[in-house]
C-alpha cells in the first residue's frame, strides 16, 4: 500500500454543521439520547438472550449478533461526533479515520447478510417445522454467522485498501459527521473511477442479493401461512416473523431513502437527514423485538422479578 500519499495528512477535519453551531447543540442532546437508548436497549437484549435458556434458539442467536452490530456501529462514530457538536474536537487522526471508515463499511454489509440469514431461519421454522432442529443446528448457525461477519469485513478491507492507495494531496476537510467512504473519496485528487465502480458493484451485491433472498423466503413463508386452515394458526405463524420483517422494512427503507431521495438545496439538510436515519434504526430494533416477541417479554418480566438472575446463579 502506498502510504506516501498520506504522509502530508496526519489528521482530518470533520466539518459537520460547523456553520450552524446552535443547531449542533440541539443535535447533541437528541443524538446523545438516541445513542444511550441504543446502547441500553441492545445491551439489555443481548443480556436477556445470554441469561434466559428459553432464548437459546437460532433466531435469538442471530438477533444477539444484530444487536452487537448496532452497538459497535453507533459507537464507531457517535461519541466523536458528539464532541464535534460541542466544538471540543473537530479533528480525527488519519488512523482513526481509516478505522472508522473500515468499521462502518464492514458492519453495514454484515447487517445485510445477517438479515438474510434470519429470513432463512424464519423460512425453515415455518415451512419445515418438523426438521427445524435438524436443519438449524448449532454448527450451521455459527458457520452462517461467521460467514456474514467475514464477508462484511473482507469487503470493507478491499474498499479500504483501494481508498488509501489514492493520492490525497493534502486535502483534509471532510464534509460530513464522520469518515464516510464517499466523503473521503471526494478528497482524492486522483482517478476514483475504479473505486466508484467496485463500490457500486459490491454495494449492489451485498444489499440487493440479501434483499432478494429475504423476499424469496417470505414468498414461501406467506404461501405456507395461507395454507394454515385456522385464523388463529395463521396469526401465530405470522407473529413468529413479524418482528424480523419490520426490522427489514426499516433497514432497507432507510437505505432507500438516504440514497434515492432527491438532493436538498442546502447540503446541511441532507447531512442531518442521513444522520437521523442512520442512528434511528439501531435504537428501534430492541423495542421491535421486545414488543413483538412473547419470549422476550417473558424474559424481561423474569429479569425484573429477579427470578432470571436467581436461576442463572443457582445453575452456576
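The backbone N, Cα and C atoms fix where each Cβ goes, glycine too.
Bear in mind that TrEMBL entries carry predicted annotations, made automatically and left uncurated.
As the structure is a computational prediction, the values presented were derived from the model and not from experiment.
The range from 170-186, 272-288 that TrEMBL describes as transmembrane segment is residues 272-288. If one looks beyond the transmembrane segment (237-260) by at least 6 residues along the same chain, the residues whose Cβ comes under 8 Å of a Cβ in the stretch are 59, 66, 111-112, 115, 118-119, 122, 125-126, 207, 211, 214, 218, 221, 224-225, 228, 273-274, 277-278, 280-281, 284-285, 288-289, 292-293.
If you look at the transmembrane segment (98-120) against the transmembrane segment (197-225), you find at least three C-beta pairs under 8 angstroms, all six or more positions apart, and that counts as contact. Same-chain residues lying 6 or more positions outside the transmembrane segment (63-86) and placing a CB less than 8 Å from one of its CB atoms are 14, 16, 24-25, 27-28, 31-32, 35, 38-39, 42-43, 45-46, 49-50, 92, 96, 100, 103-104, 107-108, 110-111, 114-115, 118, 145, 148-149, 177-179, 247, 279, 281-283, 285-286, 289.
Three or more CB pairs closer than 8 A are found between the transmembrane segment (272-288) and the transmembrane segment (25-51), so contact between the two stretches is assigned (pairs 6 or more residues apart). Non-local neighbours of the transmembrane segment (197-225) in the same chain are 109, 112-113, 115-116, 119-120, 122-123, 126-127, 151-152, 155, 158-159, 162, 181, 234, 237-238, 241, 245, 248, 252, 255; each lies 6+ residues outside the stretch with a CB under 8 Å from one of its CB atoms.
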